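Everything on this sheet refers to the single structure shown next.
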Amino acid sequence: MFMNRWLFSTNHKDIGTLYLLFGAWAGMVGTGLSLLIRAELGQPGTLIGDDQVYNVLVTAHAFVMIFFMVMPIMIGGFGNWLVPLMIGAPDMAFPRMNNMSFWLLPPSFLLLMASSMIEAGAGTGWTVYPPLAGNLAHAGASVDLTIFSLHLAGVSSILGAINFITTIINMKPPAMTQYQTPLFVWSVLVTAVLLLLSLPVLAAGITMLLTDRNLNTTFFDPAGGGDPILYQHLFWFFGHPEVYILILPGFGMISHIVTYYSGKKEPFGYMGMIWAMVSIGFLGFIVWAHHMFTVGMDVDTRAYFTSATMIIAIPTGVKVFSWLATLHGGNIKWSPALMWALGFIFLFTVGGLTGIVLANSSLDIVLHDTYYVVAHFHYVLSMGAVFAIMGGFVHWFPLFSGYTLNTTWAKIHFLIMFVGVNLTFFPQHFLGLSGMPRRYSDYPDAYTTWNTISSMGSFISLTAVMLMIFIIWEAFTSKREVLAVDLTYTNLEWLNGCPPPYHTFEEPAFVNPKWS
């Protein structure tokens, strides 16, 4: 019975739960790695002592957080749980493929961990650039294992993307048009399309790297007529859409949370929100070389990538101001979930502003590979994606479990986390502007103060993570059941009780829209 339910599951709720648990567990590993990094940088001099080991930590931290924490939780966890409920579908379109998408991840994770523990580990950074990732600078099987790990995670995501696209387009009730689906469903749809178009390019790039390393090809080796810059183009053509994949489902969740706790029945500017997400998805594919301003591109190429990158600020601004407009004039309920959403809106915007700074190719020449870039993407990930995940979790936890969290503890958790992440990443802007480079385990004494403060902040965040574990334990042991939910047209996932029955719809859902 246990095996049939949890190993061979074809139920979107159970698979979503597996994704959430796996992502939470991987998040602990990723947090542990980040704390080792910050412990090393807490003061000048060496702690771990070995720069290769330090770089392995940095690389593993990135891969674990991206492929095994944010993506499984947002797309696999929240996506699986909520998309079928929100569109009134009995399950996902391909329930068994759904199960395979999940079970490809633990082996992938195992391969990544193995790559760190054999030979010298893969100390390449998450970008895995050759020639550093070639078989000379990284002899041994570490990088090969990392490549195989990425292949498995990539196949998992591609299959999941196919599943979500088919489900969303094909499994709505007859009377429901695409423009009547909730914004979270739209965000998952756009994310799935991005995954489907970008991951094959990554697969091509790392497969060529694999053959360069093992089969004597020279795709990225100038000695044989190859070009390492080609790898950078292939990687970033995936890598830039990837960062939008990480944030788009968060946009969808924030839209729902803000609408719900403002007491509104729908978000402000529904069509504009959709247009903004689709635009961000499209533009995300034509700006990749802004990661490569320092490799020596033509001035007109740099001008194009600078302006194209800045254009993304427009649809992003549409979303931010629509969230503020949704809040405006609402009967605001100060729940923990809304606090996460407000924190998201503010801090994501700060991260976006530093992004506009980095979009300028001339400025980026100076700031590239400094801590300014680290601060920028951690503001949009550690305070964008993670805040959205936390907000979505405290908002939908009663739906998933049937129990309510202790609101006071949840608010305290938010405050500790808020202080922790800001204390960790705000000082890194100063370090970057002073020219401290990324991916080094030691630094001149001049950078000591801000690094020490940054490391203190990371330990505050650790306290918040431990408190979160306690809060979840407290909810499951106290067993406060859900009393009532505010139902509106945009809240259909709550319609079937908390938690919903194992099989939501035994027959097709009947939808009678207000307009058609």
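Cβ coordinates come from backbone N, Cα and C, glycine included.
Worth saying up front: this structure is predicted, and the values here are computed from it rather than measured.
Annotated features, as they stand in Swiss-Prot:
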- Glu40, Gly45, Ser441: Na(+) binding site (BINDING)
- His61, His378: Fe(II)-heme a binding site (BINDING)
- His240, His290, His291: Cu cation binding site (BINDING)
- Tyr244: O2 binding site (BINDING)
- His368, Asp369: Mg(2+) binding site (BINDING)
- His376: heme a3 binding site (BINDING)
- 1-11: topological domain 'Mitochondrial matrix' (TOPO_DOM)
- 41-50: topological domain 'Mitochondrial intermembrane' (TOPO_DOM)
- 87-94: topological domain 'Mitochondrial matrix' (TOPO_DOM)
- 118-140: topological domain 'Mitochondrial intermembrane' (TOPO_DOM)
- 213-227: topological domain 'Mitochondrial intermembrane' (TOPO_DOM)
- 262-269: topological domain 'Mitochondrial matrix' (TOPO_DOM)
- 287-298: topological domain 'Mitochondrial intermembrane' (TOPO_DOM)
- 328-335: topological domain 'Mitochondrial matrix' (TOPO_DOM)
- 358-370: topological domain 'Mitochondrial intermembrane' (TOPO_DOM)
- 401-406: topological domain 'Mitochondrial matrix' (TOPO_DOM)
- 434-446: topological domain 'Mitochondrial intermembrane' (TOPO_DOM)
- 479-516: topological domain 'Mitochondrial matrix' (TOPO_DOM)
- 12-40: transmembrane segment (TRANSMEM)
- 51-86: transmembrane segment (TRANSMEM)
- 95-117: transmembrane segment (TRANSMEM)
- 141-170: transmembrane segment (TRANSMEM)
- 183-212: transmembrane segment (TRANSMEM)
- 228-261: transmembrane segment (TRANSMEM)
- 270-286: transmembrane segment (TRANSMEM)
- 299-327: transmembrane segment (TRANSMEM)
- 336-357: transmembrane segment (TRANSMEM)
- 371-400: transmembrane segment (TRANSMEM)
- 407-433: transmembrane segment (TRANSMEM)
- 447-478: transmembrane segment (TRANSMEM)
Rounded to the nearest Å - Cα separation of Asp369 (Mg(2+) binding site) and His291 (Cu cation binding site): 10
Other CB atoms within 10 A, centred on His240 (Cu cation binding site): 23
Per-state residue totals over the topological domain 'Mitochondrial intermembrane' (358-370) - DSSP helix, strand, coil: 9 helix, 1 strand, 3 coil
Long-range Cβ environment of the residue listed as 'O2 binding site', under 8 Å and at least 6 residues apart: Thr191, Leu194, Ile280, Gly281, Gly284
Rounded distance in angstrom between the Cα atoms of His61 (Fe(II)-heme a binding site) and Glu40 (Na(+) binding site): 14
Candidates 12-40, 51-86, 95-117, 336-357; stretch with most C-beta pairs under 8 Å toward the transmembrane segment (183-212): 51-86
Averaged pLDDT score, the topological domain 'Mitochondrial matrix' (328-335): 96
Cβ contacts of Glu40 (Na(+) binding site) (under 8 Å, same chain, 6 or more positions away): Thr46, Leu47, Ile48, Tyr54, Leu57, Ser441
Of 51-86, 141-170, 299-327, 407-433, whichever stretch has the most CB pairs under 8 A to the transmembrane segment (371-400): 407-433
His368 (Mg(2+) binding site) versus His240 (Cu cation binding site) - Cα distance in angstrom: 16
